[in-house]
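Engineer: Once you've had a glance at the structure underneath, I'll fire off some questions.
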Amino acid sequence: MIIGSNFSNFLAFIYHLIIGRLLGPSSYGDLASVISLSAMFSAAFTFIGTVIIKFVSSAESKSKLTAIFSWFTKKTLLLCVIFFALIILLSPVFSNFLHVENKIILLLPLFISFSVMSLVLRSYLQGLLKFIETTISLNIEFLLRLVFGVLFVYLGWSVFGAVLGIALSGIIGFFVTLFFLKDFKIFSDKKESGLGAKIFAYSLPVFLFSLASTSFLTTDTILAKHFLSSHDAGIYASLSTLGKIILYASGPVGLVMFPMVSKRFSKGEKYIKIFLLSLFLTVGISLGVLFVYQLFPALAIKVLYGEGFIEGKKYLIWFGLFATAFTLSSLISSFYLSIGKTKVVVLPIFFAVLQIIGIVLFHDSILTIISVSFASSVILFLCLLIYFGYEAHFGSNSRLQGREVHN
């Protein structure tokens, strides 16, 4: 899973590398802002993936697995229809705010809907610990995104072509993922007593955490596009993509950790070593990328984006530090969600809002926006570390031994 996911992350990175060079700073800034906007909308659904993994990994029978699959897919389809209509209605507002063509915004509902449905299916595969199938479908989608994007931009369709490529690859990725779950029926008549109530009780805090996480990594790009010049917004977008290599490289560690910890927790088995190993791996990967950014910032930008983005070299290490603090914070938060401790989401929510307020108040330069994000993520990480230390030393022993707690 870690290797396969990192390959898909590599494809995603290559996509931004090539498309950024083809479009240039100004148009690439437009594309990055549109992608960030889609991520903000997708955040309304991203939490579903975490909830699915939690319930599927804890399921004890095939009938319960079928009931969970049917419940989530039907509810998600309904939500996608609602959001599809909402984005269409608000497209002029988004177009005006981001200063992009309305026809580009009108593509958003298409690829968001299929991306969300693919998320549901892949999360189900992860809950079943079918990591190979998950990564195959993901890699096919990202490979096609790269091919379609380069082709359409080369044909002269610019940002519209890049977004269209994302939409088409998402549709194909959905059907590939659906193939791996052909044994499960979307419209099954199997039902699980009290399933809906349990899901809703767990979903709210997970939704808030997902929204906060997505906000941390997208709001800055959107606000940079709004407050900075088109050129500076493009530079910022390139820094954002480079900084997120840390998240892309270490993120799969958390994806593997979550279902494994959840399954052990549901069985009353010990799980703390899995978390500590995941934390160790994430720190190691993050430090490796930061080392490169500290020593060779200009080379990294030249190789990956070209001379047009070189002025961003002095900011790269700072964005990398921001991404590292956020990645570690996300891992700790995910760990607590995997064992049913949901109150911890208050911290990411608070600091995500703080980041937005900070950028709205202080946005005179690229460095200022990065500094606000960096400060917010570091303080969040420190608070989560303090919380973890408190639970480890003063919490009940059951929290580390794997016996279920509810708080």
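Each residue, glycine too, has its Cβ placed from N, Cα and C.
In case it helps, TrEMBL gives these features for our protein:
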type: TRANSMEM; residues: 7-23; note: transmembrane segment
type: TRANSMEM; residues: 35-56; note: transmembrane segment
type: TRANSMEM; residues: 77-98; note: transmembrane segment
type: TRANSMEM; residues: 104-124; note: transmembrane segment
type: TRANSMEM; residues: 136-157; note: transmembrane segment
type: TRANSMEM; residues: 163-181; note: transmembrane segment
type: TRANSMEM; residues: 202-223; note: transmembrane segment
type: TRANSMEM; residues: 235-262; note: transmembrane segment
type: TRANSMEM; residues: 274-296; note: transmembrane segment
type: TRANSMEM; residues: 316-337; note: transmembrane segment
type: TRANSMEM; residues: 344-363; note: transmembrane segment
type: TRANSMEM; residues: 369-390; note: transmembrane segment
Engineer: Look over the recorded stretches 77-98, 202-223, 235-262, 316-337, 369-390 and say which has the most C-beta pairs under 8 A to the transmembrane segment (35-56).
Structural biologist: 202-223
Engineer: Spell out yes or no: are there three or more C-beta pairs under 8 angstroms between the transmembrane segment (369-390) and the transmembrane segment (202-223), with each pair 6 or more apart in sequence?
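Structural biologist: In contact, yes.
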Engineer: Restricting to the same chain and to residues at least six past its boundaries, which positions have a Cβ under 8 Å from a Cβ of the transmembrane segment (136-157)?
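Structural biologist: Sequence-remote neighbours of the transmembrane segment (136-157) are 4-5, 7-8, 11-12, 14-15, 18-19, 22-23, 118, 121-122, 125, 164-166, 168-170, 172-173, 176-177, 180.
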Engineer: Go through the chain and flag residues at least 6 beyond the ends of the transmembrane segment (202-223) whose CB is under 8 A from any CB in it; none is fine as an answer.
Structural biologist: 32-33, 36-37, 39-40, 42-44, 46-48, 50-51, 54-55, 98, 236-237, 240, 244, 247, 326, 330, 333, 337, 340, 342-343, 345, 348-349, 351-352, 355-356, 359-360, 363, 369-370, 372-373, 376-377
Engineer: Please tell me whether the transmembrane segment (235-262) and the transmembrane segment (77-98) touch - that is, whether there are at least 3 C-beta pairs under 8 Å between them, with each pair 6 or more apart in sequence.
Structural biologist: no
Engineer: Flag the pair the transmembrane segment (274-296) / the transmembrane segment (316-337) as in contact if three or more Cβ pairs fall under 8 Å (sequence separation 6 or more).
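Structural biologist: Since 3 or more Cβ pairs under 8 Å link them, the transmembrane segment (274-296) and the transmembrane segment (316-337) do come into contact.
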